[in-house]
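Per TrEMBL, the features are:
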- 19-31: compositional bias 'Basic and acidic residues' (COMPBIAS)
- 63-89: compositional bias 'Basic and acidic residues' (COMPBIAS)
- 19-47: region 'Disordered' (REGION)
- 63-98: region 'Disordered' (REGION)
Amino acid sequence: LHHSHKVIPVDQSVDELKEQLESDLKSLQDKRSKHKQGSADQSTERRIRAEFNKIHQFLKEEEESRLPALREEEEQKRMTTSREMKRTQEQISSLSDSLSAVEDVRQKDNVTFLSSYEDTQTRTRIQSSVSDPQLVSGALIDVAKHLDNLSFRV
């Protein structure tokens, strides 16, 4: 046989080769595990981004539906308030006219005063029966309706 070669039994040689192969196998399994983890990390990141995209879309749609509803309610409230203000101005004007008429009658001579007293008193009582100004109900925006469920946690 060759004197320069070291001769060992086959079983021992096979065991050593199996150990070396086992070590190589372990190294490959570790690499595969690291690649899988990297892939899982990327997959998780994609899923997180996808979920946030869904949330962004939902919020955009909510904003697009809630703002027009708010604008519509604001316009309705503005119109109601405007009508009430006009009605109140008309009542103020009518009361001012009546006050002026009563003052004029009071300044007249006794005969003129007595002759127009009954008409003036009737007109004054009619004006007095006009209801006192009321606060416009529903003039304020329903904030709770528009902000309901807007705050939330992810």
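Quick reminder: no glycine exception, Cβ is built from N, Cα and C everywhere.
Whatever TrEMBL says is automated annotation, not expert-curated.
Because the structure is a prediction, the values reported are computed rather than measured.
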Query raised in the report: How many of the residues that make up the region 'Disordered' (19-47) does DSSP mark as helix, as strand and as coil?
Result: 29 helix, 0 strand, 0 coil
Query raised in the report: Per DSSP, what is the residue count of the compositional bias 'Basic and acidic residues' (63-89) in each of helix, strand and coil?
Result: 27 helix, 0 strand, 0 coil
